[in-house]
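Peer 1: Questions regarding the structure given below will be posed in turn.
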């Protein structure tokens, strides 16, 4: 009978684009600038590059080489390395499953904002009116119109995790559409994925270039750039800086999910994955820095705009109270005039004092909007509403977010589907389209949890805990397995046959010593951090105050968190145990015969 | 008929207090509530007389009724959503149907070949388990390793 050959990428460029499309995601555009701002501005680049050299590139090359050599998804590949390691592959699939469950919700939000960008004015530009049309909605008055649009009109968020509320049908529709789009792209396997990644990898760069030109010409952009990039070298002594740099490199490249192994398994056996690993990791980091220039100019514009509005409000208030002439108070003489008024009319000034906010540009630059998912939407939508032709920039930005998100989803689903289609048990009975459809459908149905009123709190749980610890453990086991169980000499020889050249001392030292040590220290740090802080807390939106408040997780939420971490990490020892028992039984059966 | 508007307390701020007197009723001031009601009704005309708007001309104690935003009967986002949804579903249906057709053609071809093999009429050349048709060995393959070295063969 005819043997079905493994589907291949049409050319190596598709493979590189697929990896870039997967690795470059929301984290490059949003999380990296946020970390840069928190941990020392330009100085953050130092730990970032050190971590890139120490763990990013070596671990990426390792995963690509394993995938390309074994020509199987994560489960099959690790089984070949050692039968006791089948649990590692299963753990990767479980983590990828969790990730795909919640990650597509970000695409649903991007669709929601995109569809709402075709209006004038943009719906998040103004507050809606209250019921008797005398003013704006109370909640919107307390916070800003962009935050109101995010928390109330997009999420319709409930005050706490316990108040689950109903499924929001608008969000459910957007989530269904997001999954249909993903299904369309993965329907035919590498045949369709290979063409889609041309678009999802390149379109974000076009949009980023447009935004760079637009961003740098905005009023106040320079303030943002100066503030963010001025190195605050004292942050280098803060261990959190190094931890964040290592974590960011680790998760930005998407190591440990099995996606890179899956992509590489569709390569020609003699593909030069060493060169591709270096290219992909360098492009990923370069994109982060490029995107942060764009984001910082946007930050600067937004902060300057808010600062000037604040100053204007103070000027208006003072002029109304003291009946001063128009134009007598300007931003330049505001401080002197305030002192003058305080001296000449002390009583009235004292009455007014609680309403006079101290406007500070630094304070505006510091409000990032948080490192969570909502920040990317809130900050950019706030900046966009103040630009000229906001609809155009809004559409561009959210289409870019969609491309980034779908590119990452392609990698996630590949990590789940490749082991499924590799296993002959499942692939013989069902065609590829049915398996992909089933995976998308199941994920969509479970994802409806995140469209409920308390959905964003569950989203944060998954975002913070589903992948972090498990991935560190998975990659640690991967590195130790390849270096010490498979043997680094054997791996060297395999690479020599594949790539044509033996890996030099840099790769070997990183694989054998530097990367495992780094991962172990990250792991220990996170564990002690969780243990020391005791209970875990989350940020809940308080509608009456119009801001976020901290609350403790209820018991069942902590149980879910524990289950998330345990279900993936336990696969590794259970897999090893299962193989051990099976071998024992087989050897016993053989010996008794 | 109102003819007199008296100003007082004008300040640097271009703000003032005013009263309206009724000349027909012997110069008594019109009560404040009537003036308020009149201004509320004619706010637009007063604004345009000064070339100002609700944000730049403020009457203390008279809050302006904010105009509600224009809302079309179907929200715009649903329309865009519908368009995108139809495109995506059309794409999926097209790909799935094309895939089913391709698979049916392949099945038909392989059953035809099997039938022919059974009847023994056509011996299908098989190389390494792969039928030759799929390898497209019509003209044969030139192995580049041997063909490149023309100089090694002594010329006649």
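Glycine is no exception: its Cβ is also placed from the backbone N, Cα and C atoms.
Just lifted these from TrEMBL, have a look:
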- A:12-32: transmembrane segment (TRANSMEM)
- A:23, A:24, A:28, A:252, A:284, A:404, A:408: Na(+) binding site (BINDING)
- A:44-62: transmembrane segment (TRANSMEM)
- A:83-103: transmembrane segment (TRANSMEM)
- A:169-187: transmembrane segment (TRANSMEM)
- A:196-222: transmembrane segment (TRANSMEM)
- A:242-266: transmembrane segment (TRANSMEM)
- A:278-299: transmembrane segment (TRANSMEM)
- A:395-417: transmembrane segment (TRANSMEM)
- A:438-459: transmembrane segment (TRANSMEM)
- A:465-488: transmembrane segment (TRANSMEM)
- A:509-528: transmembrane segment (TRANSMEM)
- A:556-581: transmembrane segment (TRANSMEM)
Peer 1: Under 8 angstroms, Cβ to Cβ: which one of A:44-62, A:278-299, A:438-459, A:465-488 has the largest number of such pairs with the transmembrane segment (A:83-103)?
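Peer 2: Per the Cβ count, the answer is A:465-488.
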Peer 1: Suppose the Na(+) site is A:23, A:24, A:28, A:252, A:284, A:404, A:408. Which further residues of the same chain have a Cβ inside 8 angstroms of that site's Cβ centroid?
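Peer 2: Apart from A:23, A:24, A:28, A:252, A:284, A:404, A:408, the close residues are A:20, A:22, A:25, A:26, A:27, A:253, A:254, A:287, A:288, A:407.
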Peer 1: Cβ under 8 Å, sequence separation of at least 6 from the ends of the transmembrane segment (A:169-187): give me the contacting residues as numbers and ranges.
Peer 2: 104-105, 107-109, 111-112, 115, 154-155, 193, 196, 406, 409-410, 413-414, 417, 432-433, 436-437, 440-441, 443-444, 447-448, 450-451, 455
Peer 1: Need the DSSP three-state call for residue A:24 (Na(+) binding site) to compare against my parser.
Peer 2: coil
Peer 1: Same-chain residues six or more away whose CB lies under 8 A from the CB of residue A:252 (Na(+) binding site)?
Peer 2: A:23, A:25, A:27, A:28, A:31, A:32, A:284, A:288
Peer 1: Between the transmembrane segment (A:242-266) and the transmembrane segment (A:438-459), are there three or more C-beta pairs closer than 8 Å, counting only pairs 6 or more apart along the chain?
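Peer 2: Checked: the transmembrane segment (A:242-266) vs the transmembrane segment (A:438-459), no contact.
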Peer 1: At least three Cβ pairs under 8 Å linking the transmembrane segment (A:196-222) and the transmembrane segment (A:395-417), pairs spaced 6 or more in sequence?
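Peer 2: Contact between the transmembrane segment (A:395-417) and the transmembrane segment (A:196-222): present, because at least 3 Cβ pairs are under 8 Å.
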Peer 1: Any contact between the transmembrane segment (A:509-528) and the transmembrane segment (A:556-581)? By contact I mean 3+ C-beta pairs closer than 8 Å, pairs at least 6 apart along the chain.
Peer 2: no
Peer 1: 10 Å Cβ neighbour count around residue A:404 (Na(+) binding site)?
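Peer 2: I count 28 other Cβ atoms within 10 Å of it.
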Peer 1: Quick one: what's DSSP say for residue A:408 (Na(+) binding site), helix, strand or coil?
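Peer 2: The residue in question, residue A:408 (Na(+) binding site), is helix (DSSP, three-state).
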Peer 1: Sort out the residues at least 6 away from either end of the transmembrane segment (A:556-581), same chain, that have Cβ-Cβ distances under 8 Å to it, and list them.
Peer 2: 83-88, 90-91, 94-95, 98, 161, 461-462, 465-466, 469-470, 473-474, 477, 535-536
Peer 1: My understanding is the cutoff is Cβ-Cβ under 8 Å with a sequence separation of 6 or more in the same chain; which residues meet that for residue A:24 (Na(+) binding site)?
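Peer 2: The list for residue A:24 (Na(+) binding site) reads A:201, A:204, A:283, A:284, A:287, A:404, A:407, given in order along the sequence.
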